[in-house]
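**Student:** Dropping a structure here in structure tokens format, bear with me for questions.
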Amino acid sequence: MCPKNASYYGNRAATLMMLCRYRDALEDCQQAVRLDNTFIKGHLREGKCHLLLGNAMAASRCFQRVLELESDNSQAQQEVKNAESILEYERMAEIGFEKRDFRMVVFCMDRALDSASACHKFKILKAECLALLGRYPEAQSVASDILRMDSTNADALYVRGLCLYYEDCIDKAVQFFVQALRMAPDHDKARLACRNAKALKAKKEEGNKAFKEGNYEAACELYSEALTIDPNNIKTNAKLYCNRATVGSKYEEAVRDYEKVYQTEKTKEHKQLLKNSQLELKKSKRKDYYKILGVDKNATEEEIKKAYRKRALLHHPDRHSGASAEVQKEEEKKFKEVGEAFSVLSDAKKKSRYDTGQDLEDDGMNMGDFDANNIFKAFFGGPGGFSFEGNICSV
């Protein structure tokens, strides 16, 4: 009857807000202030809707407009502070997530949600961090609440999948990741998680198959490869460690059995069987230098050098100087292992001893005192041969 009356839109917005239909209310508020840009209640309600939905920047603009019209408006003054607080909590949460300080992110999102209770983005970030902290029931609850309101929310589907993935329900997790990707094909986190889940399942099943067939060396290698896929999946990795330990015990059982056989009947054949089992046990416990460099066992000298160049630059401590202490420690460990691998595989004599399972210490190589920087400097020709600037390496 009166489509040009700003107050009517404002009043309907107020009732929609009472019904928690903030997006519908926002449309009415925006129509109200389009009809009357001096309508203070319209600007206040629009700002409040933006704030509840988590858009602090837009909310702040609305409240600033109110203060332009009425400089002593106490509600607008308070809401401006609320909007500024949300922006600060968002900033802190972003830093916390980058540092993997998930408890800090949960704290910040809880504080932000005090003023932005209808913001799905904040709830999802909180849920994701709860999942990464192992607090799966809480994360599931938040994600499920959102899915009840919006069954197509890709972020919520991803979080549901993440919880299942970390609880070792791989097949169900993949279903949620696939569904999330249907809703949002560019969802990078869901894509990565789906790939990891499928790879983890496949590698574990390959290891189980090799174990059942009695191919313990292959099983041990497959379980080890599976353990590198996602260090954060504690439950699945715990099972993998158990499986690998079982494989290791099979080597040890074989050694004990052949020792008994040899003690009973000391023939050349039994002696050789004992020696072979001891060799396999030793090989099962050592580092796989071929895997560390990412080369085949038949790799040429040039391929080994190329692989070392790539891995050494990737894990060099200087490249990760700005990372967290935890990341730096892990990269230093990988850098040392890459140096170890190259020093062995690039030396024909050491490589031969390694391939036949012999002790490298007998060749005068003490891995405990090994200095990977010496290998790196020798390979790149000493000072000036390489540089790391802004985390970009150049040779």
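Just so you know, glycine gets a Cβ as well, placed from its N, Cα and C.
Taken from TrEMBL, the feature repeat 'TPR' covers 154-187, 200-233. Annotation comment: TrEMBL describes 288-358 as domain 'J'.
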**Student:** Using a Cβ cut-off of under 8 Å, list the residues of the same chain at least 6 residues beyond the repeat 'TPR' (154-187) that approach it.
**Tutor:** 120-121, 124, 127-128, 131-132, 134, 136, 139-140, 142-144, 146-147, 193-194, 196-198, 200-201, 232-236, 239
**Student:** Would you kindly list the residues that approach the repeat 'TPR' (200-233) from elsewhere in its chain, counting only those six or more residues past its ends and only Cβ-Cβ distances under 8 Å?
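**Tutor:** Long-range Cβ neighbours of the repeat 'TPR' (200-233): 132, 165-166, 168, 170-171, 174, 239-241, 243-244, 246-248, 250-251, 280, 283-284, 288, 291.
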